[in-house]
6 protein chains.
Amino acid sequence: MFSPQDTADILIEALPYIQKFSGKTIVIKYGGNAMTTPELKAKVMQDITLMKFVGIHPVIVHGGGPDITGFLKKVGKKSEFVSGLRVTDEETMEIVEMVLIGKVNSEIVNLLNRSGNRAIGLSGKDASLIQAKKKLAEVHDNGKTEKVDIGHVGEVAKIREEVVNDLIEQGYIPVIAPVGVGEDGEAYNINADYVAAEVAGALNAEKLLLLTDVEGIYRDFEDKSSFISSLTGKEARQYIEDGIIAGGMIPKVESCLTALDEGAHKTAIIDGRLPHSLLLELFTSQGIGTEIVK
Amino acid sequence: MFSPQDTADILIEALPYIQKFSGKTIVIKYGGNAMTTPELKAKVMQDITLMKFVGIHPVIVHGGGPDITGFLKKVGKKSEFVSGLRVTDEETMEIVEMVLIGKVNSEIVNLLNRSGNRAIGLSGKDASLIQAKKKLAEVHDNGKTEKVDIGHVGEVAKIREEVVNDLIEQGYIPVIAPVGVGEDGEAYNINADYVAAEVAGALNAEKLLLLTDVEGIYRDFEDKSSFISSLTGKEARQYIEDGIIAGGMIPKVESCLTALDEGAHKTAIIDGRLPHSLLLELFTSQGIGTEIVK
Amino acid sequence: MFSPQDTADILIEALPYIQKFSGKTIVIKYGGNAMTTPELKAKVMQDITLMKFVGIHPVIVHGGGPDITGFLKKVGKKSEFVSGLRVTDEETMEIVEMVLIGKVNSEIVNLLNRSGNRAIGLSGKDASLIQAKKKLAEVHDNGKTEKVDIGHVGEVAKIREEVVNDLIEQGYIPVIAPVGVGEDGEAYNINADYVAAEVAGALNAEKLLLLTDVEGIYRDFEDKSSFISSLTGKEARQYIEDGIIAGGMIPKVESCLTALDEGAHKTAIIDGRLPHSLLLELFTSQGIGTEIVK
Amino acid sequence: MFSPQDTADILIEALPYIQKFSGKTIVIKYGGNAMTTPELKAKVMQDITLMKFVGIHPVIVHGGGPDITGFLKKVGKKSEFVSGLRVTDEETMEIVEMVLIGKVNSEIVNLLNRSGNRAIGLSGKDASLIQAKKKLAEVHDNGKTEKVDIGHVGEVAKIREEVVNDLIEQGYIPVIAPVGVGEDGEAYNINADYVAAEVAGALNAEKLLLLTDVEGIYRDFEDKSSFISSLTGKEARQYIEDGIIAGGMIPKVESCLTALDEGAHKTAIIDGRLPHSLLLELFTSQGIGTEIVK
Amino acid sequence: MFSPQDTADILIEALPYIQKFSGKTIVIKYGGNAMTTPELKAKVMQDITLMKFVGIHPVIVHGGGPDITGFLKKVGKKSEFVSGLRVTDEETMEIVEMVLIGKVNSEIVNLLNRSGNRAIGLSGKDASLIQAKKKLAEVHDNGKTEKVDIGHVGEVAKIREEVVNDLIEQGYIPVIAPVGVGEDGEAYNINADYVAAEVAGALNAEKLLLLTDVEGIYRDFEDKSSFISSLTGKEARQYIEDGIIAGGMIPKVESCLTALDEGAHKTAIIDGRLPHSLLLELFTSQGIGTEIVK
Amino acid sequence: MFSPQDTADILIEALPYIQKFSGKTIVIKYGGNAMTTPELKAKVMQDITLMKFVGIHPVIVHGGGPDITGFLKKVGKKSEFVSGLRVTDEETMEIVEMVLIGKVNSEIVNLLNRSGNRAIGLSGKDASLIQAKKKLAEVHDNGKTEKVDIGHVGEVAKIREEVVNDLIEQGYIPVIAPVGVGEDGEAYNINADYVAAEVAGALNAEKLLLLTDVEGIYRDFEDKSSFISSLTGKEARQYIEDGIIAGGMIPKVESCLTALDEGAHKTAIIDGRLPHSLLLELFTSQGIGTEIVK
């Protein structure tokens, strides 16, 4: 346990970081273990609350894949994927919305408010926050690439960031479900990483933090000493080309690059499995994870 | 079809009503046929849009019983009722939230936005808007009344109306799902009429409009000529005591009385089965339904 | 007579137009029969009131020729014109001001206020709203053009539009008499069409509406089927050159062109003899009169 | 002539008075010689301009009797009076408005603006500023008092002072013509002293200054040494009863009493025949005229 | 050394305290060892900076006795005291001001700004912040109490708290030197504890913190176990009467009582000799020192 | 003595100047006889008060050389100068600060407040208003120029003008002591003329007024008729080159040139020995001193 004097010392150690982020907007992609393990979940809520009360403007974008899969099973629908994207017919989309908005988002909002915040849940339908368009799956077959319509899967066409800023200005924490809305009002299921990236870009966020289930980027995944704590966008693109960044890490890194391109100042892929990973990243000298900057 | 001159004449006829409600808040309990029939639904959206654009501040509170029942059936859960209240165990409550917030609320918000508005969906969890407490069902058996715990069924403890006003002030239309939140963060399913009443009271609304599937109140239901177009709160209480107001009409009338007690200026029970019932009530000389006033 | 349902239907038909003009400034040149026939006058007041209450910012500029002529006769002064412009000696100018400001403007303001508005009358002298300079009459004689000083006849040098905007911002309807003020404080009688045009330009008005006593522009006045419902500024200039637009229509069209040049978005010459011509133009699909756009 | 050093000394002498009135509203009833003699007129304009620029909020209410009489003569109408009130038929009222609003008010506004101000003219019709009701003339005959309807002669029912305050807040000088408007929109000619008093009361003015053609109140008009420089409202009422205050001075004093009753802090009857009487009253130690205070 | 995870844990432990004081004003009487020992001084600056950046509004009132004594010695003036109050002739007062304002205040302001704040120094003369009156020394001699004039020693007559609030509102940290100003502009040396108390009262501060060189109040100073961590104002008064609170502790406690009487919510006498005593008091569960509450 | 009528006439004569400077910021370098002679001092306070109350925003920057020299003597330190700059070791700097901030500034603030203003004293340390860097003395010896470190003598690196504007916006008069603060928090003694110039530039002041002990600039100092009442910056530079402007006048003129370069609109070197020199310069047609303009 810590003595009061320890407390004081540590608060003072954190002060330069608090000063640095004071009044800045930080977008958090919330997902993975940090969203499914109750203990981690509780700690993320504390972290966000602390961020808010030391003068940062946190904006949360969450995923919800496991909950969706779970609920689809419950109603007897099988989850089908094409090139990693969920095939989303109308009935599936209805359930996606119900789970993301009516369950996952609602729960995060509730947890934040119980921690003393004033959080408000938003989906892309609220005030048409996330304008979306259909995204086709790319299927590679025999060296040919075919585009396949897999239903209500979309990508961001435009973020109406004034909605988020209106809420921030009045002291609310916006919590965003990654459901987009098309020109004809149809709903789209969008990858939460990409939504977080576009939101961070549109808000000119100081930082986009992607909570993941990995430690960050390694030059050689087998060699722990090859961990990369910081790289530029240019380097990141080169690493993808060179195959150093590969697999599931590619969409994460691409989200960071998108955020930087659209106006965010910094991004980081951090390990959400660590307790208080947000505070570790923001308020300690070491930081955690891999930072990608312009 | 109408000639342009007819259009002009009718707009001018509506002008005194537009002037009367300009800048006022009107709470609409949206439910019944008006929410289930696609044609009626479209017309309600138009009505609310018109209200907004002629300077009224509409606030929507919606129900969703049929959708909930439908969805519970889908996942193989039977709906059980005690004294008219749905027995709501934890799993049921989760589905209630998903349906009300993730489906019904989301759809209304989307329809309003497609009509050119900027609507934002809220549940009672958002910024702790609807603070709730458990409500026990009253079971009358052999002349005795017993209170029975039927789970996550609640009543309003307090409305944090500043949340609604913050959104109105920034030009948004708030759309509220009747889910309350208890002191320990647990969710409660609350009757939408009562939520609308409490919201109307807390906002000192100019009017609470309950969209129902009846024409209003009759002194003698068999005798169409006995229709009551206006009565005072005092009269209403007497009519309940006298059994003139009975059955399903009682909670509607009680909601009106609650709204008046808590600060609303006027209330009306109107027939949501009529196309454009909101406009008929607000913008024509006859009005429709039964008005209950102080 | 209309049924309530007709009312609702028509209000809804008007909704897209209401949405389109919401929050926009529309300048109305008020004159001709619409200002002299009591029935039409009442209807114009209703139209402007409706405009205001559905969120439009109407600004009125009025003429007053017949009243001036009438009053000059009363005091025994003959009205004399050179090239269509009233010769305006000092004594005449005094009467012009008294009639325009103390009678015509005052009456319009009063009628608007009785309809539930808050209108304030302005002349060009108020806060030096209309800065003017002398305009010489052009007399064509034997192929030569001579410029003749006909006294207090002026043209707009500059509109101080912040005065109008200050009043709009506080919710007032500005009603402007076409009296300008020169550098030495002398008053000038200015053609109301031109004043309206300059005001519309300076305010970047959404639309300038000229209420006239004709239906609009015909390619061939004899052939009703040659009516032109819309033309561009470029076309309008060509039509003037070609003589298709001629006579009293020229200054009307020139006013429209000036307004467009100075910053107004659209203009229209409409038939003020039709009851509710403003509403017909703004809130019905057909519109009326001839629109001139960029 | 004054040396620069004299200028400095006098500015400094005036400083305590400037500080005293800084940010306060002062209502000036403008009339009599100060309004008819060109030299005095110019000096009043300078005085008001100075007041404005040293941080006072001047509000002008003007009369216009001589101009009205002159113009009625011009159009061949005789001026008729009952108990000192002008018999005002419809035609006369029209001319009263034209003269007060279109000539007198317009001229004052113009003069103020040429002095570097931003003045806006108002009549009681503008935004329904002066709500009025009919005033009957009292005719005393054979010891009996009869009330006689003499047409459009009115008294103030209510001042909508927010209109004046709106203009003050935006930096304008309001100039008010004493024309009131009745419930049915009919115009009323109202005594300017009374209008000034009601305006001063409604605005809680720091001071009401009545510019008159007398030096103030004497205990004995023949004895110059009996001049009263200050008296309380109570004393004033006693003096009226005792006949010390009599004749044309009574309505002036009654206006002061009304202003004090309605909320003004101080009042004074000052000699408008003195050049710069406003400055003498406000910015010198002697003051001028007779002050009536609570 | 602490691990990053320790940092996170401690930040989270501090969160409830941060939330509790967010947006509140806390007045700090800064003096004693905390102001003279360089290490302690540095830590106080950090503490205040942290307070500011987690959303608290700190207001500093400082003393400066030792510096004054030192400087007087430098210019060859002896410090003389009557009943514990410094005899303050004109020359001494000049030096008091120079030291308090030009040295002590200036240094604190500078240190705060170097820590990343925007601090502004104020004395009671700035905008007449501390209005003072002369305080006579009470000399007890032979059972008689005599009041003796010892020059420029004063007490607070009135705090113009709007000056402090103006600066807080614009984000500045006000740092106040305890120099008051009398009605004739003469300066007064005032006990800093009392100034802090009056400032805390006038600002309705959440808390007044007196930094002293003792641990707090003991029931029996010899018995460390008799430490009192909290007492009410009523108890405090009783303890003074009973002699439990005595000597130099009396003015400290009286300052707390004054602050509570004038509007502060809580007060505490804390041990400024402890590093980070402000943080220990505000952000740990134990707190330090003795709290005196209503 | 002046008659009331004289007062009025002179106020009116001053009106055009009052109008001209209304709402403008004027920076006054206060020093020389105007700061040491009690009668002149009193008059400067009156002048500034008048400026404030007629709507000007005065900002005062003061020197304090004689007071510093006097106090150094008191503590037995000799004043030493290199190339006209005071050698300022640490101990001297401490006394410079005490005298400038704790004595001179404090006294000016107090005098202004007693005149009915709300003045606040600032040094360059307050909110880091004057960011400074070391200035080396230039010693010319045998045709060579050597730079010598003479301690805490500095020059302006940057003015944080938002601090001054914040205070002006809230109605305060800022009074600035010419103490700057370096990157490491060390204090610097800066020439007040240059501080005033930089402040005037940073604020885009309407005018910088340097109160000096000379009448202004002469082409030939012996020939009173060669007085220059206005010259451009270009001419001023030429005159320096030509030796017409020489000696102590050079830094004054250079300050004016700096102010103009940095954003001030006009500058003037005026004779502070004249009573009310500020008013003479601002509010009379002659003006006084020498104006330097772009």
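Note that Cβ sites are derived from N, Cα and C of the backbone, with glycine treated the same way.
Annotation source TrEMBL lists substrate binding site at C:Gly64, C:Gly65, C:Arg86, C:Asn189. For C:24-271, the entry in TrEMBL reads domain 'Aspartate/glutamate/uridylate kinase'. Among the features that TrEMBL reports, site 'Transition state stabilizer' is placed at C:Lys29, C:Lys252.
Mapped onto this structure are the features recorded in TrEMBL.
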{"residue": "C:Lys29", "record": "site 'Transition state stabilizer'", "contacts (Cβ under 8 Å, 6+ apart)": "C:Val61, C:His62, C:Gly63, C:Ala192, C:Asp193, C:Ala196, C:Ala197, C:Leu208, C:Leu209, C:Leu210, C:Leu211, C:Ser255"}
{"residue": "C:Gly64", "record": "substrate binding site", "contacts (Cβ under 8 Å, 6+ apart)": "C:Gly31, C:Met35, C:Val99, C:Leu100, C:Lys103, C:Val104, C:Ala177, C:Ala192"}
{"residue": "C:Gly65", "record": "substrate binding site", "contacts (Cβ under 8 Å, 6+ apart)": "C:Gly31, C:Arg86"}
{"residue": "C:Asn189", "record": "substrate binding site", "contacts (Cβ under 8 Å, 6+ apart)": "C:Arg86, C:Thr88, C:Met93, C:Val96, C:His152, C:Val153, C:Gly154, C:Pro178, C:Val179"}
{"residue": "C:Lys252", "record": "site 'Transition state stabilizer'", "contacts (Cβ under 8 Å, 6+ apart)": "C:Asp193, C:Leu210, C:Thr212, C:Ile269"}
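The full span of the recorded substrate binding residues, C:Gly64, C:Gly65, C:Arg86, C:Asn189, taken as their largest Cα to Cα distance, is 12 Å. There are 22 other CB atoms within 10 A of the CB of C:Arg86 (substrate binding site), with all protein chains counted. DSSP assigns C:Lys252 (site 'Transition state stabilizer') to a helix in the three-state reduction.
In the three-state DSSP scheme, C:Gly65 (substrate binding site) falls into the helix class. One way to see the shell of the substrate site is to take the Cβ centroid of C:Gly64, C:Gly65, C:Arg86, C:Asn189; the remaining same-chain residues with a Cβ within 8 Å of it are C:Gly63, C:Ile68, C:Thr69, C:Val96, C:Leu100. As a whole-number mean, the pLDDT of the domain 'Aspartate/glutamate/uridylate kinase' (C:24-271) in this prediction is 95. C:Asn189 (substrate binding site) carries a strand DSSP state (E or B).
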